[in-house]
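Report on the structure given below.
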């Protein structure tokens with residue numbers, strides 16, 4: 001089965017073709033980073049309009065790269081939510097139109113399920129069950145995964161997501177958008193333990209996260225300290241250490257609670273070098289193993305949507321002809337794939 005995947009949940013237009021037997025045949029991606037840089041963040045209306053401009057040329061490119069036409073495609077998967085409603089509707093409209101015009105089955109995919117399953121695009125794939133740490137600009141959650149669609153949200157952020165905290169702290173430091181990766185680059189020049197930031201909610205039972213207070217602590221530290229490059233690097237390093245330590249502590253707690261031996265990390269923040277290294281060391285010490293997608297599949301992309309959609313289309317799941325987007329969509333409400 002060959003599936004065309006369409007991702008338009010935020011500020012990346014991602015298109016891919018995935019074959020059940022041959023794997024990923026093609027994927028194309030257009031990032032709107034330059035478009036939104038002057039505004040310091042994503043402007044929803046501009047994002048939607050740019051998806052409209054880019055989506056059809058990217059679909060043509062992905063099909064050409066796979067040496068296919070739409071007639072060679074067996075199904076279509078598009079991101080249904082969560083995300084920006086205008087951006088979601090662009091992908092949903094195009095996906096549904098192609099499905100209707102060419103009489104193909106189509107399915108709306110949960111964006112975070114796409115991230116959760118992104119490591120399945122690699123050669124070394126995790127077996128079920130496993131613990132998933134999903135960390136991005138909009139989400140931070142720990143999920144117990146027994147199978148596709150069999151998810152239990154064990155913990156999540158009660159305020160800012162980890163990626164959001166990275167971006168907001170970077171903005172406080174005067175770093176250009178997108179701030180998260182720039183903050184991490186600056187942190188690499190910092191001296192470890194120069195500052196001691198709190199590890200939020202790690203002294204309390206439970207698996208939820210809270211990063212808004214950490215952002216406030218960073219703001220106060222930035223305001224109180226000199227503005228030279230080394231001090232800024234030290235503050236960035238301390239902030240990153242605090243976020244990574246917090247995520248690692250919660251992961252270890254969740255692994256103990258569930259008894260799982262495999263950990264998946266996915267989402268934009270999963271590309272963070274310090275996070276990957278610390279969780280890999282932790283899993284080695286625990287006798288387990290960590291899995292994550294390659295860097296290009298940590299951020300939003302069409303490949304993960306094509307893969308996730310294929311699993312559901314193979315199981316006979318499809319959506320009706322309605323064009324729908326779900327800006328909010330709890331992950332644990334998804335239908336299992338038997």
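Just so you know, glycine gets a Cβ as well, placed from its N, Cα and C.
The model shown is predicted, which means the values in this text are computed figures rather than measured ones.
If you draw a 10 Å sphere around the CB of residue 111 (Fe cation binding site), it holds 28 other CB atoms from the protein chains shown. Among the features that Swiss-Prot reports, Fe cation binding site is placed at 111, 115, 300.
Cβ-based neighbour count (10 Å, all protein chains) for residue 134 (substrate binding site) stands at 26. Marked as substrate binding site by Swiss-Prot on the basis of sequence analysis: 134, 135, 136, 137, 138, 167, 180, 272.
Residue 300 (Fe cation binding site) carries neither a helix nor a strand DSSP state and counts as coil.
Highlighted in sequence order, 7, 9, 79, 112, 114, 136, 267, 301, 304, 305 have their Cβ within 8 Å of the centre of the Cβ atoms of 111, 115, 300, the residues recorded for Fe cation, and are not part of that set. The Cβ neighbour count for residue 300 (Fe cation binding site), using a 10 Å radius and every protein chain shown, is 26.
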